[in-house]
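Before any comments, here is the structure.
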Amino acid sequence: MPCGQGDLKFPAIPGFRHRPPGNRRSALGGAPASGGALWPVHPEVAERFGRCARKWRSGFSGAPGSGGRFGSSISVMAAAPLRVLACGDVEGRLDAIFGRVRAIQAKSGRFDMLLCVGNFFGSTSEAEWAEYRTGAKKAPIPTYVLGANNQDTLSYFPDVSGCELAENITYLGRRGVYSGCSGLQIAYLSGTEAQQQPAPAHSFSAKDVAELKTSLLSTPNFRGVDILLTSPWPRDVGTYANSAGEIDTKKCGSKLVSDLAATLKPRYHFAALEKAYYERLPYRNHMVLQETPQHVTRFIALADVGNTSKKKYLYAFSIVPMSSMDPAELVKQPQDVTENPYRKLRKEAPKSKAPLSAEEEPACQFFFDLNKHQGKKRPSDGKERGDSQPKQAKKPPQLTGPCWFCLASPEVEKHLVVSIGTHCYLALAKGGLSPDHVLILPIGHYQSVVDLSSEVLEEVTKYKAALKEFFRSKGKRYVLFERNYRSQHLQLQVIPVPLDRCTSEDIKEAFITQAQEQQIELLEIPEHSDIAQVAQPGTPYFYVELDTGEKLFHRIRGRFPLQFGREVLASEALLAQPQRADWRQCAAQRPEEAAQARAFRREFEPFDFSLRD
């Protein structure tokens, strides 16, 4: 099946029936799959779904588009997976899309419905559309479309509340929730975000979004919807995710759609209009370790039908309605799950009520040459860092006493410093577990990772990436840990472990085993999580991170062994140097420390981004 003609992909999600992992053929004639595959739906199920899907709650006068829910009066059938096709901008190419659907069904069996987002009609649709409108031609399966996105195609949609446009082709309406007898819930919002008031007939406003949200949130025990259909992309959907290619997700799309998606928590969200295909990594809808686990959301943007660039415009998937799923199965988290891209949007209101300490002032910062070959000096006044950008919300607080790790402090043992960035620096650990045991530290005074501003956190990430590359070149992997307990300044301890000595699983097992022995609850959290979502500022915690992205976390509620991280790494299971568990027993003389720092600096130089920036 040619990739550019809408090759089909079946994501492995809760509710799917899966083939063995080794079988990578799709149920649709060999198209690539990601672990899941469709199983046939019984013909009677398909027929009953097709009939029931047209029934709406009587309180809406038979129309699906009035902003409320409907279909609840229909009894929920047994949990049979439904086979669904989703399509991007058709733009009037009706023969092309329906011909494609027929070909797929001839090879792979019947689908239950086709969902179309984006522009269903185009500027030259009339002649082709007339054949379907008059009944000369018929859509092969029930097809559900969104409304106009521009003034030119508005006339194709005679009833704003939704109606049947032709046999097997239904306009859902301006906004609402569509429910079939299977229990599948499809929320939809037609049009593009209004740029003026009152909103044109082909646009939606904040009021439309608010009313749709209210109609669903008022439902008892609302957990989310199965599918969300919008034409525009949600703004910022690419945050924490894989690249969207040429689409800038920070500028593209609608903030109102982002707000809607964050509230409705769809299992699938389809959009179009950008003539691009983008399947985002699934994102979670809860805060790890703080909220009850919920299902994940998959966002898929589809290209236009028949596009010459061979971008995917048709997406097939199998889904068991949320209402029929086992709750434990529903909330299973896939390996590649990420943070919610709209997390900041959802936090805006609470932040405005509880701003960060206004009295906090930045600590004095300065930068210095370690020696003539260390590299250029860096400004401390921010004049070369793009002052036109908004100030970060978090600033290092004013010190109340001496700090051993603030670079501006006379207490810092500067002979151990091996690299200086704009916001962070790298130093050898005093009394390290090994000669290349290093610390990543912020230049200003921050107590923990949770307190870091975004620009400091970004540079911490760059140092982690550079150290990973450096240690891997030497046949090692690093283990990083932070103890935010009885500490004044953030210290990210980075210790290399030879690759041939132990695996990542060995390292995790050693930490978990020793934690259990000491009644420490060490939990594994998803690799795409950030600690700020697990712990609030001021919360004591211990945190381990492998260079694979795997993380372990313990919230400290009482006493905690200060040397725990070192003890585990020094144990026989890992570095087999238990005598080095206490740094005070490992301190070297200053000349030896300085020599080790020079050696590390020299070897690290090819990987040191601070010398190139």
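Placed from the backbone N, Cα and C atoms, the Cβ positions cover glycine too.
Curation plays no part in TrEMBL annotations; they are all automatic predictions.
The following features are taken from TrEMBL:
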- 378-388: compositional bias 'Basic and acidic residues' (COMPBIAS)
- 393-501: domain 'Cwf19-like C-terminal' (DOMAIN)
- 518-609: domain 'Cwf19-like protein C-terminal' (DOMAIN)
- 11-31: region 'Disordered' (REGION)
- 330-359: region 'Disordered' (REGION)
- 373-398: region 'Disordered' (REGION)
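Here the domain 'Cwf19-like protein C-terminal' (518-609) is broken down by DSSP into helix, strand and coil counts: 35 helix, 15 strand, 42 coil. Helix first, then strand, then coil: DSSP counts for the domain 'Cwf19-like C-terminal' (393-501) stand at 26 helix, 30 strand, 53 coil. The domain 'Cwf19-like protein C-terminal' (518-609) scores a mean pLDDT of 90 in the predicted structure.
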